[in-house]
Amino acid sequence: MLSMPSFERKQNIFANKDALGESYQPNKIEERDDEIEKYMDALQPVIDGWEPNNIFVYGNTGVGKTAVTDHLLDQLQTDVEAYDDVTLSVIYLNCKTLSSSYQVAVELVNKLRRPGAEISSTGYPQQSVFKKLYQELEALGGTILIVLDEVDAIGDRDDLLYELPRARSQGNLEDAKVGIIGISNDYKFQEQLDPRVQDTLCERELQFPPYDALELANILDSRTDIAIADDSLAEGVTQHCAALAARDSGSARQALDLLRLAGELAENQDADAISTDHVEAARSELERERVEEGMRELTTHGRLTLLAVVSKAAKADTPSRTRAIYDEYASLCKSAANTDDPLKQRSVHNHLSDLHMLGILSKYENRSGSRGNYYSYELDVPFESAVDAMADVLMLDAEIEKMEGLASRNGVL
């Protein structure tokens, strides 16, 4: 009978792996001096005792929006303690799973109420929920900053974003001074807002651009001093992680995830140090995970649509127009077992758009004058990652094998 394996600590690569994690808050935010200065200027009315600005912060995922917000609000809450005439409360709400002003208002009410006194998520008129929210805010009093992270999730159902900043002027609040900080990954969200909401919510706008490779390398260097053990990092590793992340999204989170996973791979192999080979292996694994995560959301026809783009890529024929991808898709439908007739081209176009939103495809708009505009698509993940993620899902082994052979001959692999 085999004995049960035991757990043993591995500490040859990492000194403090948590320093590479998403929840880690560094003492100093790197490479965001200009944004911090503008943000502090927008928050200055709080320390001065005036009504707070409403602030709209936007930029891609992983560019420091939430980290800078958390850092500055923590500092602000500490600094206001030096003044007797200012009290500050910060309410943080992630709106990712909320799709309307009503749902946001309910969540805010329940955050402000004591346990056991929460209200139901359904069954109230919207204005009734807003009234309850005003009552809770007024009871709290002082200056209140409401941080709505991923605020774009509520879409165009944005009544609260109009009502709340105006609550004091409309007589719904007397003692409480409320400011909203909206954080969004969607640059176009502001354009979708009601013009009245734009006027109130976007008093101060702060844009966080993607990091470049040098900035990402500096961020990684500051973390590796804490996270990685001495002599456990080969030369050029942080620069390689930074270059890959800068080329893709400019995301510090992506660069940190690459380094963390590369370290885990090195540790599992009992390597003395993290190498660029470990980084490349980590990149491939993260890409595969991204595709697989997106794949879980796809129907069979969504997967066949993706495989059609893979087929075009194998022929070195991408970016490809929707029509050409549709023809490839229809051919694959005939080969696939237990598959209904091909969908209409419009439905395949919708699947292509979904794949673009999931980060699996790149989408290009082509303007061709009198012939009208059209879209073309290509893979936004490595060919191997897309194939590997589908190999065990679609029963098209022979077709996939042909694609891999063709890709190899065309230099795609």
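Glycine is no exception: its Cβ is also placed from the backbone N, Cα and C atoms.
Binding of ATP is annotated in Swiss-Prot for VAL63, GLY64, LYS65, THR66, ALA67, ARG223; the matching candidate from TYR83, TYR211 at the same site is TYR211. Counting other CB atoms no more than 10 Å from each candidate's CB, the binding-site residues VAL63, ALA67 peak at VAL63. Neighbour density for TYR211 (ATP binding site): within 10 A of its CB lie 27 other CB atoms from the protein chains shown. For THR66 (ATP binding site), the same-chain residues 6+ apart in sequence whose C-beta sits under 8 angstroms from its C-beta are ASP149, ILE183. The secondary structure of LYS65 (ATP binding site), as reduced to three states from DSSP, is helical. Counted within 10 Å of its Cβ, the other Cβ atoms near LYS65 (ATP binding site) come to 24, all protein chains included.
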